[in-house]
Amino acid sequence: MKQFSAKFALALSAAAGQALAASTQGISEDLYNRLVEMATISQAAYANMCNIPSTITVGEKIYNAQTDINGWVLRDDSTKEIITVFRGTGSDTNLQLDTNYTLTPFSTFSECSGCEVHGGYFIGWSSVQDQVMSLVKEQADQYPDYTLTVTGHSLGASMATLAAAQLSGTYDNITLYTFGEPRSGNEAFASYMNDKFTATSADTTKYFRVTHSNDGIPNLPPAEQGYVHGGVEYWSVDPYSAQNTYVCTGDEVQCCEAQGGQGVNDAHTTYFGMTSGACTW
């Protein structure tokens, strides 16, 4: 096992070197700390928002019994932001959504012309859409000078992406952070997200798609089925740090997706040392 681990580490190091040629290694400590904070919130969603920063007020819960979609609308008065977070896969019901790869018209949001999204996640989003829009509006009306943030891990990452897209039709001040996000839609959807969230470069992006090592979930659903990633990828390589975070723009297969990870693996469940729902950070 140690020999295998050593070989894998060498292979990953070599792959990181190749990615460096096409990407930028290292981000600012401020941005790194921000990504860690959002990862903390996303991982805490698996365990009823445990151990989140003390500045955050936990508000109303988002929930639908038929789809088992869970989330919360939070508020951080220290940063003046309203945060919507979605839990990742936590049940067999969620797994049924995960494996429904049929591309489906994004019919709840007509502004996204030609957009098709993951069929299972669209079912999930449709089941909580009214709740989310209502709860966010309630907070935004009460705190009009606050910005909006949407985040989530795994299934929750794709839910966050669909939510951010829909919210973008009403609000301009949205930032999206996803962790271990599956491919959420087709090329038209990715293009819409990149345009709306200025994700054509790391200097302007408001769509931070964070990946880790050889996380296998960002490789799903297969690109061959018409799926395309959006956002600017921030690829975290162990040992995790600001310096070991790569900024990957352009071809999505040059960083995490090039590592050959398959499905749910250790790299998927743990981001920046925090394991989904463990609450040990």
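Glycine is no exception: its Cβ is also placed from the backbone N, Cα and C atoms.
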Among CYS248, CYS279, find the residue that Swiss-Prot gives as the disulfide bond partner of CYS255.
-> CYS248
Based on Cα distances to CYS248 (disulfide bond), point out the closest of the recorded positions TYR101, SER154, ASP215, HIS268.
-> ASP215
Counting only residues 6+ apart in the same chain, whose Cβ is under 8 Å from the Cβ of ASN173 (N-linked glycosylation site)?
-> THR147, LEU148
Would you count the other CB atoms within 10 A of the CB of CYS255 (disulfide bond), including those on all shown protein chains?
-> 26
Return one of helix, strand or coil for CYS115 (disulfide bond), based on DSSP.
-> coil
Would you mind checking how many other C-beta atoms are within 10 angstroms of the C-beta on SER154 (active site, nucleophile)?
-> 28
